Structure formats: structure tokens, C-alpha cells
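Features as listed in TrEMBL:
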DOMAIN    68-292  domain 'TLC'
TRANSMEM  20-38  transmembrane segment
TRANSMEM  123-142  transmembrane segment
TRANSMEM  149-168  transmembrane segment
TRANSMEM  203-222  transmembrane segment
TRANSMEM  267-288  transmembrane segment
Amino acid sequence: MDLKILNWDWNQESYPSSSDLWVLIFFAPFFLFLRLILDRSIFERAARRVVFPRGNCVDSNGRRKRMVKFKESAWKCLCSISTEALALYVTYNEPWFKDTRCFWLGPGKQIWPDQKIKLKMKGLYTFVGGLNVYSLFALFFWETRRSDFKVMIVHHIVTSSLIILSYVFRFSRVGSVILALLDITDVFAEIGKMCKYSGQESMATVSFILFFLLWTALRLIYYPLWILWGTSYESINVKLEWDKKHSMEITGIETGLPSTMYYIFNTFLWCLQILHIYWWVLICRMFIIQIRSEDKIARDTLKVKMMNTKIDCLDSCYPSFCVYP
């Protein structure tokens, strides 16, 4: 079976079909069993070694919660790295990775929505779609409930809808670039959390700074100025430009780009940007709170040092006034 998969032509092109999504029903449980295996073997051992120094009791309630959260972050980090690597492998050498006009045009005379996709693109969507279906299940029945639980539900619904719609409505080129560019931020976020749970404060700070910079650059600058620009403005201009040269219908599909499925998909892309801004505001608040708390700790420490200095001076100058137990 493995040899047959290796012999597949992953560059073979065909049209995407909604029937392809049935494989998600079988693919999603794969992630459930994979996490069960990793959680009880590798992640458990890593958490015990990294999170808890020797001599500390793992069975205490607070430490047990930290270990559970460490394992959750380790799983999410692994998923983000896998998605990022696979998405880059599928998209990096494609023309639409660097030119958003190619979202809609080519190769040859192909024009959206009459565009075929490669088998490796279908593999990417199968992987990511199954992972998102599992993640929504895990959010309700497995992972620790956090204060942003409702927002995470909305996030997963929007993400899952974008994955399904981008495949069925033949926006897979847009979707694959989004996956290739945005998931890298989650990697540093989860690394920062794991460092925090294990007490590596300096490494956690570096990871969160990289996470913040990448989030700002990719999700607040690149995503709206390149991706949303390409889907909201450039797409229509490219279509009008194409129609001036080629007035025709392709495979019986009317080539008018502003259609119902285009507006539905693009609306979800803008909803994703709203979530990006919302999360960015929360991240900024977190940094402000962290800076204020560290400043308060520093000021309190300085006060304690000043008091100790005064006490030492009193002890040296007026030893007879010191009362010893």
C-alpha cells in the first residue's frame, strides 16, 4: 500500500468535487487516535521531564493542570508545523504563491472557476480538513476550557467553512497560500506556551515576541494587503481584463467572476481578518499586562531592597536598638 502511494502522480490534475470531502469522515478519527498515542507516550514523558524538576510532586492539582496544558500545546505545535510544511511543499513552486493574479488565471487558458487542481493539493485539503474537524471535536470534549472558548468556536467554524468553501468553490489556490503563510505564527505561540509552563521565562519571552511580530506582519499587513486585495479588487480587474481579450464560456460555466459563491467565500475571508484584529488586540493587552506586572514586581523588589538597606544601616549604627528573638 505504501509503495502504491509513493507511485502516485501527485502532480496529476483534476477538478475538485464535493464528493472528495467524504474522506474527511475517515481522516478525522486518524488525528484522534494519533493524539491518544502521542499524548500517553511522548507528550506525557516530555511534560514530566521538562515541566517538573526532580523532587516536585506531579500529582498536585496546579502542577497537573500545567502538564495537561503543556501536552495540549505540544500537540498544537506539531499540527501547526505539519500543516505549514505540507502547505509550503504544495504551494511554494506554484506561480500563485508569488503572483496573486494567478489565483484566477492559468495555467494556459484556464480561468476561475474552470481550474483543475493537483492531487497533492487534494492531499493538503484532506489533511487540513480532517485536522479541523477533529480540532472542533477536541475543543468541546477534550481540551481545557479557557476564557476565550466562545471565540475559539467561532474561529474554528470560520476556518472550517473557509476550507470547505475554498475547495468546493474552487478557491483552493487562495486557501493554500493562506495556510502556507499564516500557520507559522501558531508554531511560535505554542512554543512560547510550552516554555512558560516549563519555567523557561526568557525563551518564552523570545517566542512570544517572534509570535507577535509574525502575527502583525503576516495577518495584519500581508493578509489584507495581498490576499484580500487579490480576492476583493484584483480578481475583478483581472476578469475584466481577460474578458477584453477572450469573450467566451469555458466548459459551460459562465465566466462572470462576481457570483454568489465568490461573495460568500470572500465574506468569510473578511470575517477571518476581523478575528485576526480581535486576537491582535488581545495579544497587545497581554503584553501590556505583562509589562505592568513586571514593572510592579521590579518596583516592589526595589522597595524591599531599600527597606533592607535602611534596616542594615540602622543595625550598624544603632545595634542596641535591635531586638533579636
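Glycine is treated like the rest: Cβ placed from N, Cα and C.
The stretch in 123-142, 149-168, 203-222, 267-288 that contributes the largest number of Cβ pairs under 8 Å to the transmembrane segment (20-38) is 123-142. If one looks beyond the transmembrane segment (123-142) by at least 6 residues along the same chain, the residues whose Cβ comes under 8 Å of a Cβ in the stretch are 10, 20-21, 23-24, 27-32, 35, 79, 82-83, 86-87, 90, 149, 152-153, 156-157, 159-160, 163-164, 167, 172, 175-176, 179.
Restricting the average to the domain 'TLC' (68-292) gives a pLDDT of 82.
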